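Engineer: Below: one structure in structure tokens.
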Amino acid sequence: MGKISTNLGRNLFFALGLVAMVVIAWCIGWDTIVAHVQKTGWWFIAIIGMWLPIYLINTMAFNTIIRDDAPEHRIVPFLHVFKITLSGFALKAATPLGFVGGDPYKIMEFKPMLGVEKATSSVLLYTMTHISAHCIFWALSIVVAALFLPMKLSLSIVLLASFVSFVILLTLLWRGYRRGMAVKAFNFFARLPLLKKWVEPFKDKYQNQLSKIDTQISYLYGARRKAFFTALSLEVIARIMNCLEVYVILKPVNVDVSLVESVVVYSFMSLFTNILFFSPMQIGTREGGFALALRALSLPAGLGIYVSLVTRVRELFWMGVGILLMKVKMRTNYLAVKTEQSEYVETPQKMVP
């Protein structure tokens with residue numbers, strides 16, 4: 001029954017991703033896609049290829065979180081984690097709110113291998129680490145912009161306010177790492193009038209499982225601090241590598257930008273699109289983010305459309321790869337944990353400082 005349910009879920013996610021990819025490609029237009037690939041020339045191969053090591057670094061971070069001291073959590077092959085990670089990113093890019101598609105899919109895929117509590121806590125921890133890396137990257141980008149780029153007083157005030165906001169968000173995430181956040185999140189949603197009717201029964205029914213998930217979340221920061229900082233560092237490195245894409249995309253149109261300016265452009269776009277995170281594939285928000293960033297650097301805002309379209313074509317390519325990987329069957333004789341049972345041994349509470 002569990003295998004049938006997983007296969008059904010995988011097929012539904014595959015259909016969702018495929019439809020979203022076709023719709024997005026149709027919205028961009030085949031002629032536009034071809035024209036921008038031709039305009040970018042051979043550089044487009046470099047743009048596509050540079051994302052492979054980025055996704056591998058993301059997978060290394062995720063794998064670091066998964067592989068704790070329990071033997072049954074150290075037997076999932078790296079390539080299997082890579083496959084699920086890439087497919088998760090594809091669904092995240094295709095769906096509104098991002099995590100609505102990617103995170104449930106990853107939990108579904110890891111559940112037969114790790115058990116529901118470990119699968120859920122690992123995915124939540126990776127998402128928290130991914131968000132933390134974004135905040136650190138944005139904060140560092142603000143420092144870089146302040147040190148190396150001239151800016152107006154109004155922009156300086158906005159950046160200062162943003163920096164303070166990132167520090168506050170990081171503080172909240174750190175509290176989540178130390179104490180867990182699953183139970184608190186469900187307690188919060190259970191108090192909301194529109195959600196209380198559905199959330200309250202679920203919270204009461206799965207209180208024990210939610211507590212185990214929180215225990216495993218706090219375990220990473222409390223007892224596996226080296227793994228925690230390794231995963232976080234890998235994610236920050238991946239964010240910095242993302243910035244090289246802007247530098248490479250502008251090369252074919254003879255626009256010279258420094259690496260520092262590339263960091264600022266990408267961070268502005270990333271911040272703008274994440275604020276408006278409910279848009280699938282950041283439709284409209286990415287163009288605006290690139291245009292604002294380029295304008296702030298006294299570059300033609302129209303270049304934002306070109307840069308955005310090239311990144312969309314690249315994203316369509318990797319989205320297609322991720323969706324197709326959902327249909328690739330991996331060897332399953334290493335599975336040690338059944339879907340219905342979790343053999344994870346709870347860790348002592350003294351691990352949380």
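Numbers run from 1 along the shown chain.
Using N, Cα and C of the backbone, Cβ positions are placed for all residues, glycine too.
TrEMBL entries are annotated by machine, without manual review.
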Engineer: Of the ranges 78-102, 178-202, which one does TrEMBL flag as transmembrane segment?
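Structural biologist: Of the candidate stretches, TrEMBL labels 78-102 as transmembrane segment.
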Engineer: Please figure out which one of 155-174, 227-250, 290-309 racks up the most CB pairs under 8 Å against the transmembrane segment (123-149).
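Structural biologist: Ranking 155-174, 227-250, 290-309 by Cβ pairs under 8 Å to the transmembrane segment (123-149) puts 155-174 first.
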Engineer: Looking only at residues six or more beyond either end of the transmembrane segment (227-250), which have a C-beta under 8 A from one in the stretch?
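Structural biologist: Beyond its ends, the transmembrane segment (227-250) has Cβ neighbours at 40, 43, 46-47, 50-51, 53-54, 57-58, 60-62, 64-65, 67-68, 126, 129-130, 132-134, 136-137, 177, 220-221, 256-257, 259, 262-263, 265-267, 270, 303, 306-307, 310-311, 314.
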Engineer: When you scan the chain for residues with a C-beta under 8 Å from the transmembrane segment (42-66), skipping those not six or more beyond its ends, what do you find?
Structural biologist: 73, 76, 78, 81-82, 85-86, 89, 110, 114, 118, 122, 125-126, 129, 220, 227, 230-232, 234-235, 237-238, 241-242, 244-245, 248-249, 251-252, 310, 313-314, 317-318
